[in-house]
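Chemist: Right, I'll just put the structure down here and ask away after.
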Amino acid sequence: MSSRNWTGPQEAAIGCREKNLLVAAGAGSGKTAVLVERVIRRISDPAAPVDVDRLLVVTFTNAAAAEMRKRVAEALERELEKHPGMPLLEHQLRLLPQADITTIHSFCAELLRRYHYLIDLDPEFRVADETEAAILRQETLEEFFEEQYRVITGDPDLEFLVEAYGGERDDLKLQNLVSGLHRFARSNPWPEAWLARAAAFGADPQGLDGDGPLAWGLRDLVGTGLEAAVFELRAALEAAKAPGGPAVYADALAAEVEGTARLAGLVAGDWEPLRAAFLAFGFTPRLPAARAGVDQELKDLCSRCRKKAKERIQNLKETFFARRPEELLSEMAALGPAMRRLAALAADFGEAYRTAKLARNLVDFADLEHYCLQILLAPGSTPEAPVPSPVAAGLREYYVEVLVDEYQDINAVQETILRLVSRQDAAAPNLFMVGDVKQSIYRFRLAEPALFLEKYRAFDTGEDAGGARRIDLSHNFRSRESIIHAVNAVFRRIMTPAVGELAYDTAAELVCGGTPAQLEGSGPPVEVHLLGAPTSVGRDTAGTADDEPDRSDEADLTAVQREARLVAGIIRRLAGLGGECTVPYRDIVVLMRATTGKAGTYLEEFRRQNIPAYAKVGTGYFEAVEVETVLSLLKVIDNPHQDIPLAGVLRSPLVGLGAAELAAVRLADKEGDFFRAVVAAAGQGGRLGAVLAGFLERLEKWRSQARCGSLADLIWDVYRTTGYYDYVGGLPGGAGRQANLRALYDRARQYEATAFRGLFRFLRFIELLQEGGQDLGPAPALAESENVVRIMSIHQAKGLEFPVVILADMGRRFYMPDLNGEVLLHKDLGLGPYFVDPGARVSHPTAAWHVVRERLRREQLAEEMRILYVAMTRARERLILTGSAGRLEQAVLRWSHAAAGDGETLPVPVLAEAESFLDWVMPVLMAHPDGEPLRRLAVRSRPAAGTPKDRSRWEVHLHRPEDLEEAAGADPDTAAVLESLRRLAPIPADGGLDEAVHRALSWHYPWSALASCGAKISATEVKRRFAAAAAGEEEVPAVFPYRAPPARPAFLETARGLSPQAFGRAMHVVLQHLDLAGDLSVDGIRAQVAGLEEREFLTATEARAIDAEKLAGLFAGGLGRRLAGALWVRREWPFCLVVPAHEIYPGLEGHPEERVMVQGIIDCLFAEPDGLVLVDYKTDRVGPGGEAALADRYRGQLDLYARAVEAVLRRRVKERYLFLVMTGSAQIIQ
């Protein structure tokens, strides 16, 4: 037994017997040590020892199981050293290798092999790895749908599903929906019953006045929205009453607060009175005019809060109360047959997939659990009354205790298995569960924290508890006191039952463990570094100033680079700037919510500042040139009649043809595919023919090898015979390139270790990885074990601890892809579908969809809150938080508003509408004494109140992007280098040396003009350049990228409520989707716009902004009539055009060989018998006589568009027009 000093709760958790025991262990509380000590004491108790093989210890991972077995063995060996020859200890050591210290899946697999005969399963089954399972699942899914389509005639529900949810061009959306529904159902112990119940969600016979899940969910959704509206209106009222505020608004706002609160009071009653009240409710049409001299910022704040409340209530009214409740319910009833058919498809696919696996003697991880349930459940068991089988009863008697680690991460199937093998419900309970629900972060793996929470709330905490007891381990032995106080300060205010699913009360908060290291000086304050954006970039990337939407993501990438630079500066400060290292790099970890797409940027910035760093980059492998080249060759070996892979191989170093030689190959056979042209060119002799003939000979050998031999051997033979492996080794980064090729070889070997064979299937598997966004990441240049800064995701850091944690990218928006499907899935509610009428081309969310979406959103928010908790509790010595906040002043105003409540926790609307970690943490700091730098930016700064319990200390730093750019402009070691140079003796004068130095310093790079010009340019940028040239403006070098002017502030918005950029985007949507064969009168266009709004192509605000009269005038004119009668029309037509670089970049006339690719989208192109007509939509405001100036401004752009059209379609563009939306006219470009 351990000699360490256990706390009282730890001792109770170790020694409590004959109860179901839930140990709620906070971060750093030593839960693993408690679990190991409990096992050791049970097996080494002299009075009542338990054989170690009669304990079932379930861990989350194989590594955790191995570590626990190792710890138990070491403890027994230590005891044996103290008591040599003690029979009990020797006996337990002999039993330990057979002990059930295992993962849940390993336990299930062992049970299946032992009792396979009960379910007619081959005991020699093999567990499929993820690669094998993914291929087989996809193949089975495709074959399953092919079989369904053979009998689709006479199955109207299946036809409806294909039409409504199948996608525009194929049925992949429906296939993925069925596959996802099957996988989701398998997380339930009774998947068939769950599918039947899920399909019936929304079909509540009590309607919206009952207490069914749909009615309850709608009331909760409406009530939450009204609560948020009341909060916004009260904030507006407070701003109106503030000194200098628009006091004249106060009476109207007070009445609106009261009226909204009355609406909220009706939510618990019947639906029809609530609906009537909603329809009758209205805001004051126009607030009184504010007196002169009123504080403009307070007035704007008041208007902004009131506007948000109005929009919120209007959205609720339009979504739920514009139609009668019978209409809402009738939509669900109409979808009932289709949802039941969808559930049946998922069940039938599951059976087809199970059959395919059994044919190969395979099982997946879900099979392990469900087959195990078949063995453990007696025949006749139901979800309401599960009965243990004789096998389960025997295991209950055999296991003296069942101990479960990381209990917060199990799912419902695993819970049922544990319930069946333990005596959880018996007279002598024996289930021990340990975990921390605040660290349950595996929802994406269908973990179910509600199972932990159910027991957390139900179990008693006293020593005299009956058969179930809860013990809280709150002492943290990991972090310094300053970090513990900071974690408590944040989560006391943000983790609530309404949003975080748990109250962060005295039972949940952390207590300093009191070790000397923790208490020494209590540690430095927690640092917070906030980074604002340049004025042209806001919280949402601003569009261009023009009427065309900006499709560039440059601003987002720049934000990542800026924050990476900020973090690099922090690391350099920690490590010591003068060469004396105060914190080793290996002690520093940078944590992010997700590293995909960002870790590479951080690595590059760290490398630039000479900071060694390591990250498992999950992207970039398949884009590596060497990997693309070999994969192209494998595609050609599989099927040489693929033009693009074949051309890529011929152009690559594997063959080495140039562009002119490829053109010559194409000319050898102009009619056939490219492979036929290669064969023809190979027979024409000459050097080119000889090269191609040699390639074809090798290709035929490889194709023969692919049919008969090993795939891995084929790949290595390609490396060896072509010398390509050695070739890439000689390129820059050669070691990494060779590592990438070895990884491809290893992947092929792993693939061949499965039940699959063949090159085609391997390539299909690679395609599945790429389509699913799964990448291997390039081979890293540094190892994780070296003295490097580690960059990892928060999930990768779970269970680990680090001396210094930098939690970066806290401004990242929460990513919630589960909320965007046409059919949403929820474990308790079931299916939430869109209502779709394919014939009428109508599609919109049902009430059930809204309810399911809101529940999923709340659960995902709770998950994000737990992820933040995990991140902040990884630090031992120092915790540093960084984030980009867009326009910092606006963000601080938002946080100031959020922090305005006086309660111990932040208001529920604030917590529920957070979009990032910053939206939770910063309002807490706004009310803290150390948050003064934030409050100075706010309109109204409340005194820092804090809370009586709050002993946290913070250090807040606000950074301007300009500071980072200036710091990045110089080498970090420049100052030291210059100082060293100053100390050197002067060099003796030498005329020849002077001349050489002069020549060297006077040299100019001959291609500097090219270096500042991009190889690809957007049509929007070309348009800007042409417009600048037309206006006689001086061109800005391309090295300084164009930045859009800042978005208009809210108080300058037009009456329509849209900025010019947003209006331009909305008009483009309308002109793209208008039915030109339909009614283009004023009423007809209004009807079509209403249809676009209903299908959610437009928001209500955008739809109201569309001027149907001007559009009708356009289409009634000559050009509009020609457009309606055209031979064909193409809208939003993308193009790429290669042009001489000097046509775009003045000053490059001396480089006629250089080319630039122009990429753009043509608004409209239509054909008439004698040629093509090109039309570009413009929403610019035009003054009297301004049409000609506008034509001059855009002439260069439309010339370029016309060249692109003529190059691609080989037809003449006879006319070019500007469609001037604001004047309702068309302007021809001469």
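Numbers run from 1 along the shown chain.
Keep in mind that glycine also has a Cβ here, set from the backbone N, Cα and C atoms.
Pasting the feature list from Swiss-Prot:
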type	residues	note
DOMAIN	4-480	domain 'UvrD-like helicase ATP-binding'
BINDING	Ala25, Gly26, Ala27, Gly28, Ser29, Gly30, Lys31, Thr32	ATP binding site
DOMAIN	517-799	domain 'UvrD-like helicase C-terminal'
REGION	535-554	region 'Disordered'
COMPBIAS	545-554	compositional bias 'Acidic residues'
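Please go over these features one by one and say how buried each is and what sits next to it.
Modeler: Under the three-state DSSP scheme, Lys31 (ATP binding site) falls in the helix class.
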Chemist: Run through the Cβ atoms and count how many others sit within 10 Å of the one on Lys31 (ATP binding site).
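Modeler: Result for Lys31 (ATP binding site): 21 neighbouring Cβ atoms inside 10 Å.
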Chemist: For Ala27 (ATP binding site), what is the tally of other C-beta atoms lying within 10 angstroms of its C-beta?
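Modeler: Excluding its own Cβ, the number within 10 Å is 22.
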Chemist: Around the ATP site recorded as Ala25, Gly26, Ala27, Gly28, Ser29, Gly30, Lys31, Thr32, what other same-chain residues have a C-beta within 8 angstroms of the site's C-beta center?
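Modeler: Same chain, not in Ala25, Gly26, Ala27, Gly28, Ser29, Gly30, Lys31, Thr32, Cβ within 8 Å: Val34, Asp436, Leu473, Asn476, Phe477, Arg478.
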Chemist: Across the domain 'UvrD-like helicase C-terminal' (517-799), what is the average pLDDT of the model, as a whole number?
Modeler: 82
